[in-house]
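Peer 1: Please read through the structure below; I'll follow up with questions.
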Amino acid sequence: MQLKLTKTLPFSENFIMADSEEYKTVIGISFGNQNSSIAFNRDGKTDVLANEEGNRQIPSILSYHGDQEYHGVQARGQLVRNADNSVTNFRDLLGKSHDELTLHHCHYSANPVNVEGQIGFKITVQEDEESDPKEKILTAHEASVRHLRRLTESAEDFLGTKVNGCVMSVPVYFTDAQRKALESAANEAGLPVLQLIHDPAAVILALMYSEEVLIDKTVVVANFGATRSEVSVVSVKGGLMTILASVHDENLGGEQLTDVLVNFFAKEFEKKNGIDPRKNARSLAKLRAQCEITKRVLSNGTTASAAVDSLADGIDFHSSINRLRYDLAASATLNRMADLVTEAVEKANMEPFDISEVILAGGASNTPKLTSLMESIFPEQTIIRSSSSVTPLQLDPSELTAIGSGVQASLIGHFDAADIAASTDAQVVDVPHLTAPIGINEGENFVTIFDIETALPARKTVEVIAPKEGAAFIPIYEAERSVKVTKVEPEPIDEEEAFSDDEEEEPEEIKERIAIPKTLIATITLPDVSPNAKIELVLQIDAEGKLTASARPKDGKGTNVRGSTA
């Protein structure tokens, strides 16, 4: 049998319970470039916590004015009048040198500067009210420490107890250096990291846990954030998640959708007043802030207004836009997002009909047009999960990574740190997977027992029916995957209702994945089984790919048989 080594994400059942309760209060953290969230599991339910200002989505922003440091929503308010002293989008700068800085999203705040080869921000602060303002360098590491410390304080205020650690989700594209830098910043902030889990794993875990459904499936997780988008194809089998492929675009997200509205309204304002508000930093900041609100309203309604007092040269601005016009204006950006999903499926060497479920996560995924684009890519049997789909998400797409991290935190919070570290060691996480299905023939159909991408070792038990007479002969095959195409003829057109220019519809092609037996790898024969008896067949594959098969009549009559491949 052919095997391949693939990174698999272990669930908490892989861990061993420690005698001590080293971590009693463990939270889940989603640390985004633009927003962050905190989640905690209490009495079996994981919820996103609100900070002292009542915000569940906490802006990842720091701003400085005089001797004051502002954080979150208060800091976001400073972007209009104090942008040069505000620090944003610093998460993805962690673990990078200034030479590695090829793209950043700090266009409307303090720009990154070179700090002895590292990335930092130049701000002006006062130590107290009586001292003179002076320049200070705040590195991306220091900004992350301060932000994470504020999140920890908010969690402790809400829970009324000290937080002992966290599980944090990170993008698949994060390098080892970025992961280590994030852990370092969290530790310095007084928030020990028990485990870093990938964003798509957190998304799936949030939904699987809330719905208490654990079935084998192949899932596309399309995470459209504020500044970046990441799409992953994930195999979920036997409680293990394996990322089969992942692609990302570091310049595609909600900000590009906001830009669409900014340009739309700016052109309208310029046409009426002869002034382009985009040429003035403060006017642009005010318009962007309003467009963020307008964008959110369009996610739920068909029309949204935009109003900015004194947008430029003392002139007020009032306008509106409907969703149809917005979708048209944003079509290029939305199509890029859809193309990223297609690219991920192709990278996994799959077809759209191989995908069981598509989950749209992240704030930008609230755009209803994205859901309709997914419905045009995938067949009807693929379940689309979004805030506006036929099978809607029961959770806020912006909170899925935080909730998934909170779920994992509740599952491993009382485990020993050494056991957690051992369970995520490369030898445990990088495990072999099947590259071809294994199963048996049942009549004219092939029944897959172990599907492609099953993590090894694996064990399954199935039931087969003995023939009416004679010995039970059970061949076990390694199969090859193929595509079955069924053509469905269109319904005939009623001649009385048909128009002369009506074109005859083409037959619809329905594609489905099938497995065809190719290589016989084992045979089980029960010579003296009762006619039509139920036979319990147990197949087990070890980490080296060796198959062991055993069979026994469930009525106890006959001989038990056991064998294995070489």
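Backbone N, Cα and C atoms are what each Cβ position is placed from, and that goes for glycine too.
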Peer 1: If you check Swiss-Prot, which of Ser389, Ser500 turns up marked as phosphoserine?
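Peer 2: Residue annotated phosphoserine in Swiss-Prot: Ser500.
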Peer 1: Pick from Ser86, Ser97, Ser131, Ser387: which does Swiss-Prot describe as phosphoserine?
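Peer 2: Among Ser86, Ser97, Ser131, Ser387, the residue Swiss-Prot annotates as phosphoserine is Ser86.
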Peer 1: Can you tell me how far the Cα of Phe40 (ATP binding site) sits from the Cα of Ser86 (phosphoserine), in Å?
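Peer 2: Here the two Cα atoms are 29 Å apart.
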Peer 1: List, in sequence order, the same-chain residues at least six positions removed whose CB sits under 8 Å from that of Ala39 (ATP binding site)?
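Peer 2: Once residues fewer than 6 apart are set aside, Ala39 (ATP binding site) is near Ile27, Gly28, Ile29, Ser30, Thr46, Asp47, Val48, Leu49, Glu399, Ala402, Ile403, Ser405, Gly406, Val407, Ala409.
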Peer 1: Between Ser86 (phosphoserine) and Asn41 (ATP binding site), what is the CA-CA distance rounded to a whole number of Å?
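Peer 2: The Cα atom of Ser86 (phosphoserine) is 33 Å away from the Cα atom of Asn41 (ATP binding site).
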Peer 1: Setting Ala39, Phe40, Asn41, Arg42, Asp43, Gly44, Lys45, Thr46 aside, what same-chain residues sit with their Cβ within 8 Å of the center of the Cβ atoms that define the ATP site, listed in sequence order?
Peer 2: Asp47, Gly406, Ser410
